[in-house]
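Participant: Okay, handing you the structure first.
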Amino acid sequence: MNRNRYVYVTTPIYYPNDKPHLGHAYTTILADIIARWFYLQGYNTFLLTGTDEHGLKLQREAEKRGKDPKTFVDEMSSIFRSYWDVLGIGYNRFIRTTDKDHEELVKYVLNKLLEKGYIYRGRYSGWYCSGCEKFYSEKEYIIENNTPICPIHKRPLEFIEEDTYFLRISEFRDYVLKILKEGDVVYPKQYAIEIASKIELEGLQDISIARPKSRVYWGIELPFDPNYTLYVWIDALLNYLTGIGYLKNIEEFTNYWSGAIQLIGKDILWFHTAIWFSILAMLGIPPPRKLLVHAYLTVKGHKMGKSLGNVISIEDTIKRYGNPEVVRFIIARIANYDKDTEVSWEIYDSIYNNDLLNNYGNLVRRVAVLAKRYINGNVERDLDEQFVRDIDELKNKAIENYNNLNISEAIKYTLDIAHNTNSYLNRREPWKEANPMKTIYTALEAIRITSLLLQPVMPNTIKTILNMLGVEIERNIKQFNFGYIEKYKVVEAPLPFRKIS
Ligand code: MSP
């Protein structure tokens, strides 16, 4: 079994307390692009996304709306799912933490951890944010008018003191530090350093993993104490094991897990390092191959989110450009792991106009028209080696960046190929050439490679374009060679993007 040929891509599972916005779409689209990129090269891929349905936040939201929590999450979860369907997210499973197999897995794991001595009883007190589903330490919260405030939701924290169960993650302090400091799991590395410093400064304390049912009834019951439900974050993290059948098919699980690429926003870094790596270690499972962390989408400097009321809606964006795949392209183009990305309609429009309409879209249109007008759509292999040498380097950079998960860089190099090809046409003026075969064939090859590189981002749009040029998409890396196609049969001149109305 070739372990390297497996890729398992995960997104965070989202709280379905409201419909998704572009911030959620950001992670989900990037994850889908990564999965599709490896799929295109012939890997076995599995994309997991879903909804995180238990806990105080959902319990309260349901109560507020006068609904039973299960009815509420059923409705909301299917709304999430339909957004991802519209955005062309090719998930292999849409997991819900209320799924039966997930509940079984959670109970199995809890029993295992209890058996191994990692769970013990105790009393906990602290300041809690139900928006984050997290206790905040003194160093983390903000104080306003003598009241501790959540740094993310900017709302007062609640003081909670109760008997609970603890998870002994403190034992894994050195282990987690080693992964963070010496490993290359967390990407970009700055995030590993951030968490490592936090652990070195504050230590790694055991966490409270249970809630009295009298307070939080909406959760998975502890298999060894019916008076408690499980802390929602432990429930949620375990979805990554349920998703690829940890309890059902250990061989398949092991294969996919060896190629695990987990995407998260930087807000949930602590959970996915300190806590997640410890739980995995308790179960004897290695950390994921990669934990890919991205920064926020911001609007006028503030993290886009429901609680701050500054969301750009997915449907408005789709409506503006008339094609859901344009949303995917914009996200791919602006993705930034290290730094927050400011978004606005002006930024979106300029990306759409410059990259899609005037660069790539224009190239496709003009070359197809030339092919039809001057050589009847029948274009035979005649490669301009000299020009190809220039753009081959760009292609290699695009591929390398894709493989290293640097999506926006990969897209930039890809667009450079299109840009150079437009200039090539302006220089060669094939409409004046006695025999324009070489110029047109070479331009078509450049279009094909550009399109293949854009395929993970805009799968349907690209499929349509390539079909009009008479090309089928394969699943291998050799199709990325210039000169791969012997003959084009251009049947139609695509007009893939329209002016914004
Ligand atoms: N349910 C937890 C995750 C559990 S994973 C085991 C959760 N859910 S969430 O609905 O709040 O979604 C969090 C994720 O959405 C973030 O980590 C991030 O990936 C994405 N984003 C939400 N708003 C965002 C921005 N404004 N900008 C970038 N990403 C954003 O936390």
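Quick reminder: no glycine exception, Cβ is built from N, Cα and C everywhere.
The following feature annotations were taken from TrEMBL:
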- 8-123: domain 'tRNA synthetases class I catalytic' (DOMAIN)
- 147-367: domain 'Methionyl/Leucyl tRNA synthetase' (DOMAIN)
- 384-467: domain 'Methionyl/Valyl/Leucyl/Isoleucyl-tRNA synthetase anticodon-binding' (DOMAIN)
Participant: Would you mind splitting the domain 'Methionyl/Valyl/Leucyl/Isoleucyl-tRNA synthetase anticodon-binding' (384-467) into helix, strand and coil residue counts from DSSP?
Facilitator: 71 helix, 0 strand, 13 coil
Participant: Need one number: mean pLDDT over the domain 'Methionyl/Valyl/Leucyl/Isoleucyl-tRNA synthetase anticodon-binding' (384-467).
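Facilitator: Mean pLDDT, the domain 'Methionyl/Valyl/Leucyl/Isoleucyl-tRNA synthetase anticodon-binding' (384-467): 98.
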Participant: Reported in the order helix, strand, coil, what are the DSSP residue counts of the domain 'tRNA synthetases class I catalytic' (8-123)?
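Facilitator: Per-class counts: 62 helix, 21 strand, 33 coil.
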